[in-house]
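S.K.: Starting off with a structure, shown below.
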Amino acid sequence: MDKVILVLLMSLGASSQPLTDTPRLFSMAVSRVQHLHLLAQRLFADFESSLQTDEQRQLNKKFLPFCNSDSIISPNDKHETQRSSVLKLLSISYRLIESWDFPSLSLSGGLSPKLSDLKTGILLLIKASQDGADMFSESTTLQLGPYENYYQNLGGEEPLKRTYELLTCFKKDMHKVETYLTVAKCRLSPEANCTL
């Protein structure tokens, strides 16, 4: 982790030198988010299989949670995703990952360090893509509610429902980030077909 932060600080400090290994950074970021998405799917499947009755499973499947990250403005469909700029997709991905800084602490699987590494990689890609533009200016900063309060209040007294809500939101957000990073990476290769 210290190496990642050192690399980040060195690259941010060397603004006169562009990052030339962007395709490799994209490959690493896509690989990491794919791993996180698979991990989210596994955690969700393990949770569902731990439920004792089919009625409990059906009850949970009827619940469609509102996630804290739903307040992050993102493309509504695959066409809008494909029309979005690489920088916009990276910015949305960063914000989605950032929205899990606190909630990931309550999920198993050692997610926090993995999310932190991915967030650092996405920040490097933003730096490489923006050519000095201030991506996180006050006009574009989204104010999300405090994550800890939102996710602590989910499900009230029902820990099963709370866990279900967290896992559902995490799986959904990792799928979004995987899609956005894959489309952004594809745009680097002119001969690639970037359809979803």
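Each Cβ is built from the backbone N, Cα and C atoms, and glycine gets one as well.
Pulled these from Swiss-Prot:
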type: BINDING; residues: H35, E178; note: Zn(2+) binding site
type: DISULFID; residues: C67-C169; note: disulfide bond
type: DISULFID; residues: C186-C194; note: disulfide bond
type: MOD_RES; residues: Q17; note: pyrrolidone carboxylic acid
type: SIGNAL; residues: 1-16; note: signal peptide
S.K.: For the disulfide-bonded residues C67, C169, C186, work out the Cβ neighbour count at 10 Å and name the residue with the minimum.
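M.R.: Lowest Cβ count within 10 Å among the disulfide-bonded residues (C67, C169, C186) is C186.
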S.K.: At a 10 A cut-off on CB-CB distances, which of the binding-site residues H35, E178 has the highest count?
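M.R.: By the 10 Å Cβ neighbour count, E178 comes out on top.
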S.K.: Fill in the CA-CA distance, C67 (disulfide bond) to E178 (Zn(2+) binding site), as an integer in Å.
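M.R.: On Cα coordinates alone, these residues lie 17 Å apart.
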S.K.: Should C67 (disulfide bond) be counted as helix, strand, or coil on the basis of DSSP?
M.R.: coil
